[in-house]
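Novice: Sharing the record's features from Swiss-Prot:
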type     : residues      : note
DISULFID : CYS53-CYS80   : disulfide bond
DISULFID : CYS82-CYS91   : disulfide bond
DISULFID : CYS338-CYS347 : disulfide bond
DISULFID : CYS358-CYS378 : disulfide bond
DISULFID : CYS380-CYS389 : disulfide bond
DISULFID : CYS439-CYS454 : disulfide bond
DISULFID : CYS477-CYS491 : disulfide bond
DISULFID : CYS493-CYS502 : disulfide bond
DISULFID : CYS514-CYS529 : disulfide bond
DISULFID : CYS547-CYS558 : disulfide bond
DISULFID : CYS569-CYS578 : disulfide bond
DISULFID : CYS607-CYS616 : disulfide bond
DOMAIN   : 44-92         : domain 'EGF-like 1'
DOMAIN   : 309-348       : domain 'EGF-like 3'
DOMAIN   : 392-428       : domain 'EGF-like 5'
DOMAIN   : 430-466       : domain 'EGF-like 6'
DOMAIN   : 468-503       : domain 'EGF-like 7'
DOMAIN   : 505-541       : domain 'EGF-like 8'
MOD_RES  : TYR711        : phosphotyrosine
MOD_RES  : THR714        : phosphothreonine
MOD_RES  : TYR721        : phosphotyrosine
Amino acid sequence: MPPRRAQAPGAPLLPVLALLPLLLGAGPQSGCLASPVSAAPLPAPGPCASQPCRNGGVCTPRSVTDQEHPAADAEPRYSCTCPAGVSGTYCQFVADPCASNPCHHGNCSSSSSSSSDSYLCICNDGYEGLNCEQPLPSIPTSGWTESTAPRQLQPVPATQEPDIILPRSQATVTLPTWQPKTGQKVVEMKWDQVEVVPDVACGNASSNNSAGGRLVSFEVPQNTSVKIRQDANSLLILLWKVTATGFQQCSLIDGRSVTPLQAPGGLVLLEEMLALGPNHFIGFVNDSVAKSIVALRLTLVVKASNCVPGDSHSNDLECSGKGKCATKPSEATFSCTCQDQYIGTFCEEFDACQRKPCQNEASCIDANEKQDGSNFTCLCLPGYTGELCQSKIDYCVLDPCRNGATCVSSLSGFTCQCLEGYFGSACEEKVDPCMSSPCQNNGTCYVDGVHFTCSCSPGFTGPTCAQLVDFCALSPCAHGMCRSVGTSYKCLCDPGYHGLYCEEEYNECLSAPCLNAATCRDLINGYECVCLAEYKGTHCELYKDPCANISCLNGGTCDSEGLNGTCICAPGFTGEECDIDINECDSNPCHHAGTCLDQPNGYTCHCPHGWVGANCEIHLQWKSGHMAESLTNMPRHSLYIIIGALCVAFILMLIILIVGICRISRIEYQGSSRPAYEEFYNCRSIDSEFSNAIASIRHARFGKKSRPAMYDVTPIAYEDYSPDDKPLVTLIKTKDL
């Protein structure tokens, strides 16, 4: 007979078996069903009785020697031998999910899900369940009603998706009942409050997708069955276990139907149906698969449990019955949250010290008596006593102090305050003031009642002769510092003094250190030379140069006649250091409204129009009216002769003047008229203010400079003006040429 898939609802019996009663509520609450009470005590099961090895692993109890090993309390009392492809302490890690042959009556096929332990069992006829471990029950022969829904949806596409065939519903059909096993752990999940996600668009019925539904996530410990509790309004549902992708997409592709067990008030998903990690389920109310209405989307997250010891029996309580086995979404395992006053990994120890019964900062030590013990011991700090260290010890109650001493009790004991003349921890001994030899440095001790007196040796003083006599207290050194030396002293004299008491002063002038008839004046630890006026230096050894400290500026020289130096200034400067420039313009040397420009050792006059000379004293006269009258009365032919003669004479004079000047004269220039001098010196026509230029002309004789030309030049005659209103030279005569 050919095999079939465990989740395919194609067989007419599967919809009946898949109808599940479910209460649609939320908020998981956990609880445990009580184990059946045996009539007689059962023998303690072995470490492998609970079948701890998964995925076909073989459990082997450890030997007694291994169990007595110091680390045995932290390790299981058994070992698992895992088949090929499976690893882990409990054979919980499956590299190939089909390597352990999880399908009892069918073939295993690895799922395309991203989870490494996902597989799909294709069951043989007559079996179903997650691992094809459940035989199909017999089919009832009566009580069936015809469904009003269509017989089948659209044709199944070639994607190997399971067919969704509407079942015939039978109200009286019941699921297999649940019979609790001894020691079986069950968590009850109620559906009073759930997160409703209405109308989630996941697809349509033709692609075997569904939409909407209640979205619930619940966490359970490993090896624990889940009881889904229902209320009066719940309906039987069809439950499918799907992959993570199918769960997100509300798709039944790669899913399989599961058959929970009917229990009083709900449905039970056995622990064999749940693998470590998330387990995703999609449930439908009655025949809602045909209508694509999801009634429930459930995620059961199975986590490893650390709530019972590894060597515990199947009927051992989680967290020793003194705590709650709980987890958080951020945690990977279930662990114990102990009740008040219980501690330990499994809440196995009653902590009698948790409430801090010991007083006065005493240390509490809990007696290791497991859960039934409530004994503890208080270790009191010094000074306290009592079962809870609540009382302070009075060490003076027995009056330990003698001879009238006062007893003072403290946390560390008692102290006796002795009367004068007694000593000891209890003031039991009489004081001998000289017994301890209080007098030092060979001093003699004398008893004086309860006191003593010391007679000191020479050189020592003080109540116990411990101090040297301070010989320097009377300041015996006149000009020095006193230093105690043993039983005497020594004077360290200041510079310039000597003697036993530093009372004598040295006279440094006895060596005649001053030169050149200087006077020596004795000082303390030194001398001073008073020099004559012309000498200086520490010993008056240097002759004074009066010009050494005088600085004459602007070319001035120092005259060192006598004891004083005097600056002889260059022309144009004055002052003690020749630092004052004489302003020659103060005397107004420029005539006829000429402008004076002060210069070092001189001045320059800028003359107005019609005046020339060093001081603008030469007047240039132009007689145009007289010449015009003479020319008018003169005959025309004579006029032409005169004009021609004058032109020839002018040209000859000009040639002679230029040649003479170019041969023998060098013209220097200064101030703002330098361009005019340069043109005249280079034998070019004059094109500048000649009146200002002529005032500064100098001449040279045979290449040597002479005095200013204004002292040698004769008056100048002008005959005509140029078009730009500047005169033309006709004759310049000089002396001594």
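Glycine residues also receive a Cβ, built from the backbone N, Cα and C atoms like all the rest.
What's the neighbourhood like for these features in this structure?
Specialist: Here the Cβ of CYS80 (disulfide bond) has 22 other Cβ atoms within 10 Å, regardless of which shown protein chain they belong to.
Note: CYS82 (disulfide bond) has non-local neighbours CYS53, ASN55, GLY56, GLY57, GLY88, CYS91, i.e. same-chain residues 6+ apart with C-beta under 8 A of its own C-beta.
Counting only residues at least six positions away in the same chain, the Cβ atoms of CYS319, SER320, GLY321, LYS322, GLY323, CYS336, CYS338, GLN339 sit under 8 Å from the Cβ of CYS347 (disulfide bond).
Taken residue by residue with DSSP, CYS378 (disulfide bond) is part of a strand. Cβ environment of CYS378 (disulfide bond): PRO357, CYS358, GLN359, ALA362, SER363, CYS364, ILE365, GLU387, LEU388, CYS389 lie under 8 Å away, each six or more residues apart in the same chain.
Under the three-state DSSP scheme, CYS389 (disulfide bond) falls in the coil class.
In the three-state DSSP reading, CYS454 (disulfide bond) counts as strand.
According to its DSSP assignment, CYS491 (disulfide bond) is in a strand.
In the three-state DSSP assignment, the secondary structure recorded for CYS502 (disulfide bond) is coil. Sequence-distant neighbours of CYS502 (disulfide bond) (same chain, 6+ apart, CB under 8 A from its CB) are CYS477, ALA478, HIS479, GLY480, CYS491, LEU492, CYS493, ASP494.
Around CYS514 (disulfide bond), a 10 Å sphere centred on its CB holds 22 further CB atoms from the protein chains shown.
Around CYS547 (disulfide bond), the C-beta neighbours below 8 angstroms that are at least 6 residues distant in the chain are CYS558, ASP559, SER560, GLY565.
A coil conformation is recorded for CYS569 (disulfide bond) in the three-state DSSP classification, outside any helix or strand. Residues within less than 8 Å, Cβ to Cβ, of CYS569 (disulfide bond) and separated from it by at least 6 positions along the same chain comprise CYS552, ASN554, GLY555, GLY556, GLY575, CYS578.
CYS607 (disulfide bond) carries neither a helix nor a strand DSSP state and counts as coil.
Taking the domain 'EGF-like 1' (44-92) as a whole, pLDDT averages 70 in the prediction.
Long-range contacts of the domain 'EGF-like 6' (430-466) within the same chain, counting only residues at least 6 positions beyond its ends with a Cβ under 8 Å from a Cβ of the stretch, are 420-423, 486-487.
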Novice: Hey, which bits of the same chain come close to the domain 'EGF-like 7' (468-503), Cβ under 8 Å, at least six residues off its ends?
Specialist: 458-461, 523-526
Novice: Among CYS338, CYS389, CYS477, CYS607, the disulfide-bonded residues in question, whose Cβ has the most other Cβ atoms within 10 Å in this structure?
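Specialist: Per the Cβ count, the most surrounded site is CYS607.
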Novice: Using DSSP with the three-state reduction, classify CYS82 (disulfide bond) as helix, strand or coil.
Specialist: coil
Novice: Quick check: in three-state DSSP terms, what is CYS338 (disulfide bond)?
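Specialist: Assignment for CYS338 (disulfide bond) reads strand.
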Novice: Under 8 Å Cβ-Cβ from CYS380 (disulfide bond), six or more apart in the same chain: what's there?
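Specialist: Spatial neighbours, sequence-distant, of CYS380 (disulfide bond): CYS358, ASN360, ALA362, GLY386, CYS389.
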Novice: According to DSSP, collapsed to three classes, what secondary structure does CYS439 (disulfide bond) have?
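Specialist: DSSP call for CYS439 (disulfide bond): coil, neither helix nor strand.
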Novice: For the domain 'EGF-like 3' (309-348), what does DSSP give as the number of helix, strand and coil residues?
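Specialist: Result for the domain 'EGF-like 3' (309-348), in helix, strand, coil order: 4 helix, 12 strand, 24 coil.
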Novice: Can you give me the same-chain residues 6 or more apart in sequence from CYS454 (disulfide bond) with a CB-CB distance under 8 Å?
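Specialist: Within the chain, CYS454 (disulfide bond) has Cβ neighbours under 8 Å at PRO438, CYS439, GLY443, THR444, CYS445, TYR446, GLY462, PRO463, THR464, CYS465.
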